[in-house]
Amino acid sequence: MTRAFNFSAGPATLPESVLRQAQAEMVEWNGVGASIVEISHRSADFMAVAAAAEADLRSLLSIPDDYAVMFTAGGATTIQALLPLNFAAPGQAADYVITGHWGKTAIKQASPYVDARIAADAETGGFIDIPPAASWTLSPHSAYVHITANETIHGVEFRDTPEVGTLPLFADFSSSIASEPLDISRYGLIYAGAQKNLGPVGISVVIVRRDLLERAGQPRADIFNYASHVARDSMLNTPPTWNWYLLGLTVKWMLEQGGVQEFARRNAEKAALVYGAIDGAGGFYRNLITPAVRSRMNIPFFLPDEQLDALFVSESKAAGLLALKGHKAVGGIRASLYNAMPLAGAQALANFMHDFQQRHG
């Protein structure tokens, strides 16, 4: 069987070696006589899986000791609703920087629980750039400042950590975590749905500075209390064990491949191939994003008309290049180049783009 190149924005492509290992271990895992999905999450066997996943993630991301790591069920949207409940006092403000669709989602989810203020909004400019941090309107007593590190739909990315003074910086890293080195100590909290760079859909990672867990937050059930999750090693309730196991395999694979430094090199090379095909097409392909904030993970582009967009998607699929249709909010084409996408995939896409232009340009 030949696997196609999957450019899906999420759930996204996973390393083939990880999938093969999971396949081999699905029915009977590690000599225990049962599948990993059948054993208790509180068994010594699974506790070892969970501990290894955290240890490897700490190594991969160089997570400082004064930061706690949680593995939570669900995705980033759930986390966005829980942030103000855990870290904002009743009536307190929180600042949000809106640089795309997911920044808008973050403030929407938080708004019922906090005085959510827009510190900067790139929508008026069409989400093609990121307002400089010096221009943001921050509330001096804000609970936190929230950014979306990489916008998968519009294709803009913070290339540097913004300076927000003494306010805790919270960031959604769902689509760019582990794609390049990151100084986590510059953040109060980062979070990520796993389904782009860390593993399968259905589990997320929250990394939080421990002193922030001392905040009283707002009245909430214990299941929504992050301090309780940390105290119970992410097992306050039954976790998604299969997802956690696959996340652990994926993180271990990234370490074996050379870690975030190596993936930063690979990702820059892959992105350069696709952006090179766009910029060298004489306007046949268009990416509207300011070059300094172009995403390396998600590259949207447009052809001269919607009919050509549709033809591009159809022909690329036939050529073994999957999931290139752009998000319904913006249309066009989108190529997602997460860590598990090999260089050969980016090269195949660039070659196809050149061939398509020769035939239809």
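Quick reminder: no glycine exception, Cβ is built from N, Cα and C everywhere.
Here Swiss-Prot flags Arg42 as L-glutamate binding site. Annotation source Swiss-Prot lists pyridoxal 5'-phosphate binding site at Ala76, Thr77, Trp102, Thr152, Asp172, Gln195, Asn237, Thr238. Per Swiss-Prot, N6-(pyridoxal phosphate)lysine is recorded for Lys196.
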Tell me whether Asp172 (pyridoxal 5'-phosphate binding site) sits in a helix, a strand or coil according to DSSP.
strand
Between Arg42 (L-glutamate binding site) and Thr152 (pyridoxal 5'-phosphate binding site), how many Å separate their Cα atoms?
36
What three-state class does DSSP give Thr152 (pyridoxal 5'-phosphate binding site)?
coil
Structural state of Ala76 (pyridoxal 5'-phosphate binding site), classified by DSSP into three states
helix
Other CB atoms, at most 10 A from the CB of the residue listed as 'L-glutamate binding site'
10
Neighbour count (Cβ, 10 Å) for Asn237 (pyridoxal 5'-phosphate binding site)
11
Going by DSSP, is Trp102 (pyridoxal 5'-phosphate binding site) part of a helix, a strand, or coil?
helix
